[in-house]
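Asks: One structure is given below, represented as C-alpha cells, and several questions about it will come after.
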Amino acid sequence: MTLVFTHRYLLICFLIRLTSSAVVPSQDSISLYTANDKVVILTGQNFSSIVYQSKTAWLVEFYASWCGHCQSYANTYREVAIDTWGWRTVVRVGAINCYADENGPICDQHNVAAYPTLRLIGPNSFINGSKLIHLTATDAKGVERELIKELDALQRTDRNWPNFAPIADVGLENIYSYAPPTVKLVLLIVEKQDDFTGRQIMLDFSKYHEQLVIFRASTDGKLWGQLQLNLTDIPAVFIIHSNGTTERMNTKQNMNENLGSRNLLNYAIRSYVHKSKCIDNFDDRDLEEIIHSKNALKKSEVKGTNEAQGAVIENQKLNMVDLETALSYMLRREVPRIKMIYGETYDALLHWLIVLTKYFPGRQPVMTYLKDLLSKVKQQPNGLSGKQFRELADINASNSYLPNNQIRYIYCTGSAPQYRGYPCALWLLFHTLTVSQVQTEFQNTHVTEVPSAIKGFIKYFFGCRHCSDNFMKETNELHQLDANDKNAAVVYLWKVHNHVNERLHGDETEDPQNPKIQFPSSNLCPKCRMDKTNFDSASTLDFLLKHYSKDNFDLSSVENPSESSNKKDQIPSRIDQYSMIEINHDFKQKSGLFSYLTSIVQRFSFYFLIFIVIIVLYVRRRHCKNNNKSCNDRLCSDIMDSVVKFNRRVTRYIKRAMSGSTRFFTDEDEIHRRSSIAGASYNLINSIVGSGVIGMSYAFRQSGYVAGFILLGIVAILTDYSTTILIRSGHMAKVNTYQELVYTVLGKFGFLWLSLVQFLYPFICLISYNIIIGDTVTKVLHRLWPTIPYLFQNRYIIIFLCSCFVTLPLSLYRNIAKLSQISLMGLILVIITVLILIKRGADTMSFISSEIRMVNTNLAESIGVMAFAFMCQHNSFLIFHSMSEKTLPRWRTVTLITTTVAFIFAVMYALTGYMVFGQQTEGDLLENYCHWDTLINIARLIYAINIMLTFPLECLVCRQVIEILGNKWLNFSSDRRHYIITSLIVASSVLLSLATDCLGIVLELNGLLVASSLAYILPALCYLKLRPTTMQWSSLDDFAPRRLLLSTWYRTSLLLTNVFAIEQSNQCEMNCETCRNFTINT
C-alpha cells in the first residue's frame, strides 16, 4: 500500500511539474516565482493562449521584479496559490512580470498603474475583459475572500461552477432533487450568511462536480428551523440521502484547533468519502500536497540565507549606462502606465522633464533628446494619454537619442535579477541631479527645485505604490530646507537615503551579496567618518560632490547612435504590437471643465452606486414596516426591474435583505430576546472599552506606570462594587430601572435630578461620538485613499451618513440584548487595535527616547480619566434586565468578568502607549503616530467603528429616560413613542455635533459632575438608605458605600480645581484638542 501511494504521489508531482514547466519563460525573462510555487508563470508569448478563452477563470498578478513591495508580497501570493490549488477547475493563479520587456504590451493592455495589481479574468474572456480585484487585505485570506466574492459575482451557469447562494425556501426533503442525475453524494453545509468556509469547501471539491454536490444554508433560511441548530453548532455538514433523510457528519474527528474550520470540514468530508467509497477515482493527494507546500513555504520564510554576506561595493567610478537605462525605462515604461496625464500629474511630468534638461549630466544626443521631448510635451498643455507619451518617448534620431536597448546595469547590477537594478539606478540619478544643480551655473535656482521634482515623479509615476507612499513619508520635511544653503538638497537626500537603508537593512528585499549600509563606508571615504555611527559633515559633503559629479561617470560602455542604427526601425514593431492590443481610436482632446468632470464621474461612480443601494434598502425598510405583503412584492418587483440591468448579484442581495425587513425592528422574538452571562458581559465591557480605554496611556502619563496600575485596579474594584450595589438596591426596592430606584428612595426631586443627569451624560457622549466620527473618518479616508471624492472628505457628510445608515438603525433596536453581538464585534475590533499598537509600538520604540516614570504627580487627573472611562452604571439596569435569568449571583459574575476584562484591556492600551512615548503620550494615543501610517490609519478607522458600535448603548439609556418620563406624565403609543423618541435623540445629537467641533469645558464638567453622580454618589446613597437602620462602621456593607462617597467627594474637589485652572490658561481653540482627548477618555 505504501509503495502504491509513493508511486501515485511521485506521478502527480511529475505531472504537475511537467504542466507547470510548459509555461516557464525563456532564460532572459525575470520572475519572482518558479514552477514549484503553484503560480503559473505568464509571459507575453503564452498569455493569450493560456488565459484568454480559457475554460477557467484566472487570477493574475501584474508585478515588477524590481519592486520591493512585490518582492515582499511574493510569499503572500504563493500562499494564495497554494490555498487555491484545489480550485483550479474553476480558477487558476498566474503572475506576469511587467518589468520584462516582452511582457510590457500585456501590462499596458490591462492598464496596470501600480505594482502589484491583481486582476480576475473570467472564463472565455477576450482582450480587455478582465475585472480588477482591489487588494483590500495584504494577507492571503483577505485576497481569497475577495476572489470568492468576485467568482460569485460572475454568475456562471457552467456545470463545474459552484452555486454559492444559500438555499432558503427549500425543505430538507427536496434538496436531493436539485442535484444532477450523475451525483453520488449530496452535502449541505450550514453556516452564517457571511461565512466563507462553505464556499471554500465547494471550491476545494469542485473537480468532482459530477459526483459530489454541495449546497449552502444560512441561519436565516427555512432549513435553519428544520435542523434545530444553535449558533455554537455551526459550521456543520449534513449528508442528504436520496430518500430525503439527513445525517450529520462528524467534523470533530480531528481535535487540532489550529487547523481551522475549513480544514476540519475538509478532513471530515474526505474521511467519509474514503470510508463510504461513494465517489469514483477519488484522489485526496491535493490536501497532502497543499499541506506540504505550505510547510515548505513557512520554512522558506524563516530560513536565513546561507550565503555569506558579500563585500560592500566600493567602486569609485559610476557608470552612465545605469543612468541612461533608468531614464529609458522611466520614460518608455513607467510614465506611459498612466492612462491619462493631466492636471497635477501633467505638472509633475513637466517639472521632472525640466529638471532633467537642466541638470542631467548626459551626452549631447541624450540632452537633445530630453529637450525635444520636453518641447513636445509642452505642446500638449491640456494633457495627453500615456500611449501618446510613449510614442513621443520612442522617437530617436542620430542627433537626438536615448538608448532603447535591453535593460542592463553595470554599477547597479545585483546578485540576482530581482535585486538592485532600477531602484538603485533611480537613487543614483537622484543624487546626481542634486549635485549637478550645485555645480551648474544657473541663475535664480531654488534649493528645493530638484527634490520637489523627484518627489513629484515618485508620487505620480513610480510603479511601486507602497514604496512611493514610504518615500512621501520620508520627505515630508522637504519644505523646511534652508533656502540660503545651496548644498542643502544634496545633504538632505543623502540623509533620506541612509535612513531608508537603515530601515530596509536585513529586509527580504535586500541583496544578500550587497547589503544596505550607511553610505559612504569607511573604506570608500575614510575622512567621512568620525566613528562607526557619526559622519563628519564637511568631509561627507566634499565626497558627495565629487562622487556624483559628471567627471566620475564612466562613458566607455554607453551605446552610441551609430552602433544601433537599426534600433529606430525596431521600435515601431513594439508600437504596432501595443496598438494592436489597445482599442484603436483617436484620442480626443479633453480640456478644462469637461476633462475634470469626466475624471470625477469615473472616480465617483462606484461610491454613488453604493450610496444608491443603501438608500433603497433604508427607504424600503422604513416604507414597508406597517404595509402588507402586496406592498412588499410590488416594491421588490420595481427594485428588481431597475437594478437587474446593472448587476444580478446586487438584485438578489437586495431581495434577500428585504424579505425579512418588515420584522427588522418589530419581531416579538427579538423584542423579548434575553442574553446570557456572556452577552450581558459583552454589552457592559463594550460600554467601557468601546471608547474609553484609548486614553489610558494618557492616564499613565499623569500618574506613572506603577501608580497608574494600582489606581486602575482600585477604579476597577470600585466600578465592580458600585454596579453590584446598584442592582442590589433595585432588588431590595423591587424596581426595574435606575429612575424608579431613585424615585423610591429619594422622592420626586431625586427622580427629576437623576432623569436629568442620566439623560445628559449619554446624550453629550453621543454628540462627542459624532464629532470624533466626523473628524476621524474623514481624515482616515483621505489618508488611506487620497483620491477619494470630496464628498467623503466632508465631516458634515460623514456624520450625516454614519448617523443615517449605522448609528440610527442600531439605535432602533428595542432590546439591548440584541446589541450583544454588536458589542462582541466591537471587542474583537479592540483586540485588533491592541495588536496593531503592539506591532507599531515595537517598530517605533527604538527610534524614540522617552521618559518613563514609576510615579508622577498628577494623580487626580489620572484617576478622573480612569473613572470616566469605566463609567457603565447608567446602563446597568438595562443590561441586567436583558439577562435570561435575572439573579444577583449571575449579575455579580457579569460585573466581575466585565471589570476584569476591561482592566486587562486598559492595562494593555496604557502600556503599549506609555512605554513607547512616555511623557510625550497624548490623550488620543493614535495621534502620537504618523498621520500617513497605513496600519495606524486602519487602527483609527477601527476606533471610529468602535465609537459607532458604542453609540446605541448610550442612545438606549437616553430613550429609556424619556420613555419613563412619558409613562408618568405623557400619553404615547408604544410604536410611535419608540420611533419618534429614537429619531429625535439621534437627530438632535447630529445637529449639535454639526454645529460645533469644540465642546471644551461643557464636556469636562459633564464627565466630572454628571458621571460622578451617576456612578458613585447615587448608588451609594440608595444603598445606604435601603439598608437596615443599624449602621455600624465595622460592617463592610455599611463602610464601603460611605468610603465610596468620601472618595468621590475628594476626587471631585481635586478635579474641579484642575479643570478651572486649565480653563483660566487656555482659550477655546486650544481646548479643541482637549475636547477631543476628553471625549475619548469619557
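Backbone N, Cα and C atoms are what each Cβ position is placed from, and that goes for glycine too.
TrEMBL entries are annotated by machine, without manual review.
What you are looking at is a predicted structure, and each value in this text was computed from that prediction instead of being measured.
What TrEMBL records for 1-21 is signal peptide. As annotated by TrEMBL, domain 'Thioredoxin' applies to 21-153. Here TrEMBL flags 415-518 as domain 'ERV/ALR sulfhydryl oxidase'. Residues annotated as transmembrane segment in TrEMBL: 593-619, 706-728, 749-772, 792-812, 824-842, 893-917, 937-958, 979-1002, 1008-1026.
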Asks: Between the stretches 706-728, 749-772, 792-812, 824-842, which one has more Cβ pairs under 8 Å with the transmembrane segment (893-917) than any other?
Replies: 706-728
Asks: Work out, from DSSP, the number of helix, strand and coil residues along the domain 'ERV/ALR sulfhydryl oxidase' (415-518).
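Replies: DSSP composition of the domain 'ERV/ALR sulfhydryl oxidase' (415-518): 61 helix, 1 strand, 42 coil.
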Asks: Tally Cβ pairs under 8 Å between the transmembrane segment (792-812) and each listed stretch (706-728, 749-772, 824-842), then give the stretch with the top tally.
Replies: 749-772
Asks: Give the residue counts of the domain 'Thioredoxin' (21-153) per reduced DSSP state, in the order helix, strand, coil.
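Replies: Secondary-structure composition of the domain 'Thioredoxin' (21-153): 51 helix, 27 strand, 55 coil.
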Asks: Any idea what the model's mean pLDDT is for the domain 'Thioredoxin' (21-153)?
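Replies: A mean pLDDT of 77 is what the model gives the domain 'Thioredoxin' (21-153).
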